[in-house]
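Quick one: this structure, given as structure tokens, is what I'll be asking you about.
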2 protein chains.
Amino acid sequence: MSTSETPAKQTIITIVGSGMMGSALVFPARENGHTVRLVGSPLDGEIIDACRKTGRHPKFVKDFPAGVEYYKIEELDKAMDGADLLICGISSFGVEWFAEYMLPRIPETLPVVSVTKGLIDDGTGQLISYPEYWARRAAPRKLRLNAIGGPCTSYELVAQDQTVVTFCGEDLETLRWMKGLMQRPYYHIAVSTDVMGVETAVALKNAYAYGVCITVGACERVYGIDSIPHYNSQAGAFGQSMLEMQKLMRLLGSSNDEALAVGIGDLYVTVFGGRNRLLGKLLGRGLPLDAALKELEGITLEGNVIVVRIVKALRAWAAQGKVDLAEYPLIAHLGEVLIDNKPANIPWEAFVAEKR
Amino acid sequence: MSTSETPAKQTIITIVGSGMMGSALVFPARENGHTVRLVGSPLDGEIIDACRKTGRHPKFVKDFPAGVEYYKIEELDKAMDGADLLICGISSFGVEWFAEYMLPRIPETLPVVSVTKGLIDDGTGQLISYPEYWARRAAPRKLRLNAIGGPCTSYELVAQDQTVVTFCGEDLETLRWMKGLMQRPYYHIAVSTDVMGVETAVALKNAYAYGVCITVGACERVYGIDSIPHYNSQAGAFGQSMLEMQKLMRLLGSSNDEALAVGIGDLYVTVFGGRNRLLGKLLGRGLPLDAALKELEGITLEGNVIVVRIVKALRAWAAQGKVDLAEYPLIAHLGEVLIDNKPANIPWEAFVAEKR
């Protein structure tokens, strides 16, 4: 909009974490003409080497837009110099690293938006979102931490599939500004101040995806692994997931059901891909947890972490008389499978029991 | 439970309509040892002939349990003689026939449960469920009309896949009694007195399934018809469907979100099968409505009927200032496609617009 002769300063967006989701966000950011600096985490050195050499992320089938800058973590200062927005693109397994290494280096004036999904026990049994966790770790410094939720696989974002996400944070003006920087004709951004709701929803979807995928595996057990898909039982578990997610979100302080819709969309996409689906299917086919995890070659899954955290919290609250576990039969069963090593066996009748 | 020498009278369940869903319900009913009488509608004569001859429904891959009785519509009196429960297994295109032919023949004492799904304009612009419609048509006689909702494809029920449905009606004791008659280790029945909620949910899912399936077709348009499935856009439309269904259900008088969960499970299953999916995909691929319907060989789809009814009602209410159409962008767009012959073009930005 500037009409002066001096070109307006380009917005600088620094993305820390060159995994698939962090790297996918390079596309909308750079397509909008911003300066984009992609910084590898300490584990991402080879990815950055490859990006510099080929102009493409090793896991993508499409080159980055021209002009993207690549940095190794040792060059972080340079990558953050003058940055207007910091995108945290690390996975939930980098949460501690981000807290220890990155937080002290982030100025209080620099807005941050994170794609990291999950909930964490704050040490007292309370489950909090990563932005909240980082905010506490950064205290007394007050950082501007925001997050992205919603159904978005990195491949499909790179392919420019129509995608709907939600940017959530405390300050609506900051959210609108970030939306303006990142939105594209294929990347549609809602804004929400219900941070706890959105973060809870996107964390829970990883847990409940197991519930749906166990039914897929249970059908494969009956009909064979290459049988045509069956849907009654998936749909039964999906509907139950919605009910339990809504109750859990309200329990954890979500203020409205728009965040639930984010989680339901996210659950839908999670059911159809990735390692969460595979583990759920293996359990549903009748494999004990050990054997199923072995097939996954020991990869720790975010869904497991969240099931364990949620169910341990629910059990503690139930022991204190604060919740009735019977209202959460699906995730309670997932806890039996993932914590107590019981075989997967969806408690269907509990879904239709009348409320006392 | 009877300890007397005289065997207890067997419960007699008469199912009217030998389409796939009515016929599928023969299985749990007969497996539970009840006398089951399957009555063909006036269009079902050949099906009844085939059932008598082969002991199997022509569209099923599995024989009926032994001892099922088959009746043609001319033998209705005999089929209803002494019946304890009447199951209405006709499709929504038989609603008028059921009102005219069946209602006068149903005693006020005989409980009825219907699998027919839909909403109908009561003539004043108000949308009502079929049980409500039939109740009004039967007045001043007061019939005991109940309904079944939830994700259940007939094939999978026959295959004994785990299935969760909801029986809804005004009287909880009747619902519990019907549940006792019909439940099986694979057929799980919730009961609900939120008739309007359940009926609205199961009707709406046929409408919103188009929304999700249009995105499937739109991806096929870009990537080819046999491309691997893409999910971001399906999930975006699915989440939006949940939000709009919840609002519509509250608008139409649903009292709680358990009925919404029934609808969400039902939407999930509907997206993956049947002619609704095919029409949605064809529209999403860019076919005009006429051409898409032609590929479906003129079969009228329940989803079309419900979209037209809902959107006409919403438009009328919007004209009266009662609702804001901007809160229902997805179904409003489906109305543009199915009523106004506009090309399918999902209004993604409307999904993320901030509320005024």
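In case you wondered, yes, glycine gets a Cβ from its N, Cα and C as well.
Checked TrEMBL, it gives:
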| type | residues | note |
| --- | --- | --- |
| DOMAIN | A:13-171 | domain 'Glycerol-3-phosphate dehydrogenase NAD-dependent N-terminal' |
| BINDING | A:Gly17, A:Ser18, A:Gly19, A:Met20, A:Met21, A:Gly22, A:Arg275 | NAD(+) binding site |
| BINDING | A:Lys117, A:Arg275, A:Asn276 | substrate binding site |
| DOMAIN | A:194-344 | domain 'Glycerol-3-phosphate dehydrogenase NAD-dependent C-terminal' |
| ACT_SITE | A:Lys205 | active site, proton acceptor |
Closest of the recorded positions to A:Asn276 (substrate binding site), Cα to Cα, picking from A:Ser18, A:Met21, A:Gly22, A:Lys205?
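Comparing Cα positions, the closest of these recorded positions turns out to be A:Lys205.
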Give me the sequence-ordered set of same-chain residues, not including A:Lys117, A:Arg275, A:Asn276, with a C-beta within 8 angstroms of the centroid of the substrate site's C-beta atoms.
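For the substrate site the neighbour list reads A:Asn206, A:Ala209, A:Thr270, A:Gly274, A:Leu301, A:Glu302, A:Gly303.
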Measure from the Cβ of A:Asn276 (substrate binding site) and count the other Cβ atoms within 10 Å, all protein chains considered.
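For A:Asn276 (substrate binding site), the 10 Å Cβ neighbour count is 22.
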Taking the Cβ of A:Gly19 (NAD(+) binding site) as the centre, how many other Cβ atoms fall within a 10 Å radius?
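Taking all protein chains shown, A:Gly19 (NAD(+) binding site) has 20 Cβ neighbours within 10 Å.
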Under a three-state reading of DSSP, tell me whether A:Gly19 (NAD(+) binding site) is helix, strand or coil.
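DSSP call for A:Gly19 (NAD(+) binding site): coil, neither helix nor strand.
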Select the closest residue to the residue listed as 'active site, proton acceptor' from the following binding-site residues, measuring between CA atoms: A:Gly17, A:Gly19, A:Lys117, A:Arg275.
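Result for the residue listed as 'active site, proton acceptor': the nearest of the binding-site residues is A:Lys117.
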Among A:Lys117, A:Arg275, A:Asn276, which the record lists as binding substrate, how far apart in Å are the two most distant Cα atoms?
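So the maximum pairwise Cα distance among the substrate binders is 15 Å.
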Distance between A:Gly17 (NAD(+) binding site) and A:Lys117 (substrate binding site) at the Cα atoms, whole Å?
14
Sorted by position, what residues of the same chain at least six away from A:Ser18 (NAD(+) binding site) have a C-beta under 8 A from it?
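Once residues fewer than 6 apart are set aside, A:Ser18 (NAD(+) binding site) is near A:Leu38, A:Val39, A:Gly40, A:Ser41, A:Asp44, A:Ile47, A:Ile48, A:Cys51, A:His57, A:Tyr70, A:Gly89.
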In whole Å, how far does the CA atom of A:Met21 (NAD(+) binding site) lie from that of A:Lys117 (substrate binding site)?
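A:Met21 (NAD(+) binding site) and A:Lys117 (substrate binding site) have their Cα atoms 11 Å apart.
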Hey, of the recorded positions listed (A:Lys117, A:Lys205, A:Arg275), which one tops the CB count within 10 A?
A:Lys205
Take the C-alpha atoms of A:Met20 (NAD(+) binding site) and A:Lys117 (substrate binding site) and report the distance between them in angstrom, rounded.
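About 14 Å separates the two Cα atoms.
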Would you mind checking how many other C-beta atoms are within 10 angstroms of the C-beta on A:Gly22 (NAD(+) binding site)?
27
How big is the gap, in Å, between the Cα of A:Lys117 (substrate binding site) and that of A:Gly22 (NAD(+) binding site), rounded to a whole number?
13
